[in-house]
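First comes the structure, then the notes that go with it.
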Amino acid sequence: MKHSSLSQPSGSDITASRRTSLQQFQQLVVISFHNIVLLDIAFTHSSYVNEAHPTRNDNERLEFLGDSVLGVCISHILYEKFPDKREGELARMKSVLVSESSLSAVASTLSLADYLLLGKGEENSGGRQKPAILADAAEALLGAYYLDKGLEAAKALVLRLFADKIEALASTSGKDFKSIIQEYAQKRGIELPNYKIIKIEGLEHARHFHISCVLDGETFGPLEGHTKKEAEQRAARQAFEALHAREGETARILDAIIGTNSTGASALD
């Protein structure tokens, strides 16, 4: 594979101490970069560039790439590992694995915070421990590794980094989305979800149901299904994905319900 490179800084622009630090990281994680510049950029936050280093690259483009690489790798891994699980269950598992809380936990395991280049303002505001910054750096790392080594190597790295979380998810009871949303409402002490039929189309033997999930005054959907159950599950799935994307306490509650926490251990054991 032809190894990709980004513009400045060139390899020679990396200081000796920085190069040593990046080499230590590679030894810690047991990976090796042909182009160490990619790794350097993966750990360079935009605040560092904006404050005093305008000729450098920050990690936002690599983060963008890494987000897609992670999605493809996780989808492929789940598809191969769980041939009997249906699309909805695979989607639920993927949603948890690629979440900010999951990525920041992986970043913490790798001690990514120790290698980040941050601007002074971000540093002083606790940026080195912010989940969003850590999650972004983890995605940038995957993007950089993909450029340097290719998709199969990136997939192998993802499998290694997420193995415990995947096993924790696999060991749960396989709750469906309606069950998850109902349990979420119970834990939050809010009214249970209400599924409303918006319209029914088609002949009796080939009907299509359009159903919305109403939770705590918020409407998700409507989603279509060949049966009421299918449409309700799809609406509940949309509710789950929207709520989980909000991170924070909401994501933590949902992670606990489906059987994983920030460390990747089963929350139902």
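Positions of Cβ are set from backbone N, Cα and C atoms, glycine also.
Remember, TrEMBL labels are computer predictions, not curated facts.
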Next on the checklist: Can you find which of GLU60, GLU63, GLU204 TrEMBL lists as binding Mg(2+) at the same site as ASP136, GLU139?
Outcome noted: GLU63
Item to check | the domain 'DRBM' (176-245) [mean pLDDT, rounded to integer] | outcome: 92
Next on the checklist: For the C-alpha pair, I'd like the distance in angstrom between ASP67 (active site) and GLU139 (Mg(2+) binding site), rounded off.
Outcome noted: 6
Next on the checklist: From the DSSP assignment alone, can you count helix, strand and coil residues within the domain 'RNase III' (22-150)?
Outcome noted: 96 helix, 2 strand, 31 coil
Item to check | Environment of GLU63, ASP136, GLU139, the listed Mg(2+) site - residues of the same chain whose CB lies within 8 A of the CB centroid | outcome: ASN59, GLU60, LEU62, PHE64, GLY66, ASP67, LEU103, ALA135, ALA137, ALA138, ALA140, GLY143
Checklist entry - Within the chain of GLU63 (Mg(2+) binding site), which residues six or more apart in sequence place their C-beta under 8 angstroms from its C-beta? => result ASP136, ALA137, GLU139, ALA140, GLY143
